[in-house]
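Below you'll find the structure, written out as structure tokens, and then a few comments.
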Ligand code: ATP
């Protein structure tokens with residue numbers, strides 16, 4: 001079982017003719033509310049991939065539906081607490097040109113107390129995997145606690161913030177980084193190439209395995225001087241939101257089944273290629289059968 005201590009957000013999406021101007025009251029012509037948050041998306045992706053994942057999260061009491069929808073997808077929600085605080089949520093305006101403006105409220109995602117973190121660690125066994133992102137509080141306490149207990153930590157420091165550099169990153173076994181996270185950790189410019197980023201990461205975090213995702217340029221795995229590149233599938237992307245979360249969930253589910261790195265990358269990349277061809281985040285994450293079909297279709301037939 002992998003334990004994921006992660007955010008659960010409610011995305012309130014309003015379609016508007018233009019983004020609201022200062023002082024203006026504007027009627028929205030469509031409204032949807034959906035499940036979001038990097039933590040929830042990664043748990044969902046792992047469950048859809050057939051992985052076993054237990055989510056540790058906090059939601060406002062009135063939003064139990066979000067917990068139920070994770071449970072229906074196969075996520076173990078025993079440790080998703082309903083609390084007397086507003087849920088983390090995003091108010092998203094999307095205008096007719098596709099431009100958006102977002103207000104994010106961290107809410108219950110930032111209410112973890114030390115006792116909650118200790119309870120998580122006490123419920124795990126040395127060698128278990130713990131997955132973390134950067135949308136919940138308490139990471140500076142949890143990383144040393146978890147490492148001290150012998151947990152294997154997979155960390156996706158998204159969204160990147162200055163506080164990430166202060167964390168004891170060498171405690172992590174596996175880091176999932178996109179371009180801006182890799183640039184933030186190494187101090188390199190966003191324009192830096194894959195090789196420069198990987199070299200700098202190897203120098204900064206020599207003991208960590210790194211999976212670096214670079215959108216349409218594909219993904220790299222690095223451990224010591226071992227490197228593996230997985231090209232992205234050639235598809236027409238309509239919405240890349242959630243591509244990274246899909247990639248991470250599928251990678252970890254494959255790892256949990258004992259797959260070798262090349263297979264983990266291939267599964268993750270196929271799942272993410274499906275996700276980018278669909279709008280939305282959580283709703284764009286494919287199920288395992290779709291990924292298997294895509295991989296079968298893209299495997300050349302054996303030579304006669
Ligand atoms: P996001 O924050 O949008 O969820 P991210 O920035 O964390 O994503 P990316 O590096 O953009 O992550 O993408 C993750 C993976 O998704 C890539 O390594 C690749 O496998 C796949 N992917 C992303 N964009 C494309 C694309 N245009 N075509 C095919 N695959 C893509």
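Residue positions begin at 1 at the first shown residue.
Each Cβ is built from the backbone N, Cα and C atoms, and glycine gets one as well.
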Report the candidate from 245, 263, 296 that shares the substrate site with 9, 10, 11, 37, 38, 39, 40, 41, 135, as recorded in TrEMBL. 245
Quick check: of 137, 178, which does TrEMBL put in the same ATP site as 213, 214, 215, 216, 217, 218, 244, 245? 178
Residue 239 (K(+) binding site), DSSP three-state class -> coil
Taken over the domain 'Carbohydrate kinase PfkB' (5-286), the predicted model's pLDDT averages 96
Would you mind reading off the Cα separation of residue 245 (active site, proton acceptor) from residue 239 (K(+) binding site), to the nearest angstrom? 13
Residue 241 (K(+) binding site) versus binding-site residues 9, 11, 38, 40, 178 - nearest by Cα: 38
Using CB under 6 Å from any atom of ligand 1, narrow the binding-site residues 9, 239, 275, 280, 284 to the ones that qualify. none
I need the nearest neighbour of residue 280 (K(+) binding site) among the binding-site residues 40, 135, 218, using C-alpha distances. 40
